[in-house]
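What TrEMBL says about this one:
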| type | residues | note |
| --- | --- | --- |
| DOMAIN | 1-251 | domain 'G-protein coupled receptors family 1 profile' |
| TRANSMEM | 21-42 | transmembrane segment |
| TRANSMEM | 54-75 | transmembrane segment |
| TRANSMEM | 96-116 | transmembrane segment |
| TRANSMEM | 136-163 | transmembrane segment |
| TRANSMEM | 192-215 | transmembrane segment |
| TRANSMEM | 235-254 | transmembrane segment |
């Protein structure tokens, strides 16, 4: 699904919009995340300590990038709906490129402090990395819980509420005009807004929970909850992987314009190539 998103945006020039540039970055990050998680799942071989840490931190960088991209995407949609003339210029793609670069840099900067909190542990001849709740690790995870979940959740909740409010008010104001008299469209917007907020809460709350456990508990207290810790760690990776599947559905496949572009791509690129190969 993410590969389809990348292909459609890359080949179809009508899909070269600000929103879709963010979606391209999101899809690319999700694809890399999928490969990284699968590499971690195939851990029958033994990691070296340094490679274990790098692999763990690499996934965290990708997750941070995803969270920041989702946040910026929501802000971009807010600006587009409330202030449609704000960024109307031919250099939009350059502005978005700069923002995406900043997002990746911020994702990396958010992850670097965690390097000093990771310890390599061995269980059943398998080396894995985990955060040990030292005083420094507790402070770092408390700050990161705020930066990577609480603040983005507040921003997205506010932004999506304002988007739904704007759409509802606009369509009620022009309810007598046939162009704006679309109850189904308003309902779809409201449902999508709720779905986006809930999906973020569902996919990233386990990640937030783990950070809060590290922040709130000392090592002795955490050991008493070791079973719940291991469960949350597994759930965290499952929901992180689930977000990879969910993003293209919420942002791409439910879009009529995207489906039309996908159909054109199938006819003009893939189908034609298959026909040419058959003829040869």
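Here the Cβ of each residue, glycine as well, is placed from N, Cα and C on the backbone.
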Compare 21-42, 54-75, 136-163, 192-215, 235-254 by their Cβ pairs under 8 Å to the transmembrane segment (96-116) and return the stretch that comes out on top.
54-75
Summarise the model confidence on the domain 'G-protein coupled receptors family 1 profile' (1-251) as a single mean pLDDT, whole number.
80
